[in-house]
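The transmembrane segment annotation in TrEMBL covers 63-81, 93-113, 156-176, 197-218, 224-243, 255-271, 283-300.
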Amino acid sequence: GVSLPAAVDIQPACIGLYCGRTVLSVNGSVETYGECGVCPRGQRTDDNKICRECVGSPDRYDWLYLGFMAMLPLVLHWFFIEWYSGKKSSSALLQHITALLECSVAAVVTLLVSDPLGSLQIRSCRVKKLSDWYTMLYNPSPDYITTVHCTHEAVYPLYTIVFIYYAFCLVLMMLLRPLLVKKIACGLGKSDRFKSIYAALYFFPILTVLQAVGGGLLYYAFPYIILVLSLVTLAVYMSASEVESFKDLLVRKKRLVVLFSHWLLHAYGIISISKLDKLEQDLPLVALVPAPALFYLLTAKYTEPSRILSEGGNGH
C-alpha cells in the first residue's frame, strides 16, 4: 500500500501567492491537509503553502509602526483642539489631557482584546514583503474565469488592529468629550464648542480609508513621513507665531511645549529609520534632533521679509 506522506506529496501544489491548505488533523508526524483555499484568521501560508498559526510577536519596527498609527488620531485631536480653542487656552488644556486619555485607554483596550486575550502581548505573523498587506490583489484565477478567493490577513494582526483601535478611540471620544466640553468650555461660543469633536468625526473615516488603502505603504514609509512632517510643521509654526530668537521661545510656555513635542516626534522618526540595531551608531543621530530648530532660530533674523525688502529698496 502507499504510505500516507507520499500520498500527501502527490497533491498538486497550491496556486496563487496566498492560497494554502489548512491542517485538518495531526497523527504523530503525519498531517492531513484540506482543500486549497483561504487560511483562517491568525494563520498564514508557509513556504510549502500550508496554513500555519502565527506564533511570533511583533518586532521593534512593528511596534514603532503601531505606535505611529496610534499617534495619528492623537496629534490630529490636539491640532484641532488648539485650532478651535483660539486664545482661550485654559479649556484647551483639559481637552488635550482628555484626548490623551481617550487614545491611551483605547490602545490598552485594543491590546487586551487582541489575541492572546487579556494580555498586552500580541501574537503576530512576520511581514515579509509589501504584497503581504494586499492579499486581495493576488487572488488567482486558474482558468481566467473563476477566481479562487484567498484574501486573508497575512500580516495578522497589524492590518486590522489599527481599525479596532480607531473604533475604540471614536467610541471613547463620543462618551467622554461632549460632557467635558459642555462643562468647561463656557468661554467659547455655542457653535465653537464642539468643533474639535466634529473635526474628529471627519478625520477618523479619512484615517480608516488611509489604513485600508495605504497600510502597507505606510508601514514602509512612516519614519520618513514623520521626519518630513515634523520638520515642515515646526517651520510653519515658528514662522506663524513669529518666533525669531530664543527669547521669543521662552516668552510663552506653549511654544516650548510645541517645540519639545516636535523634537520627540523627530527622535521617533530617527529611531524608526535606524531601528536602533547598532546603538553606538544610532544614538548620536538622535542628538541631531534639535539641529533644524537651532538652524531656524540662528538664520531667522537674516531672512526676515521686511528686512530683505528694505535692503533691496536702499540698493536702488
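Even glycines carry a Cβ here, placed using N, Cα and C.
Counting Cβ pairs closer than 8 Å and at least 6 residues apart in sequence, the transmembrane segment (224-243) and the transmembrane segment (283-300) reach three or more and so form a contact.
Pairs of Cβ atoms less than 8 Å apart link the transmembrane segment (255-271) most often to 283-300, out of 63-81, 93-113, 156-176, 197-218, 283-300.
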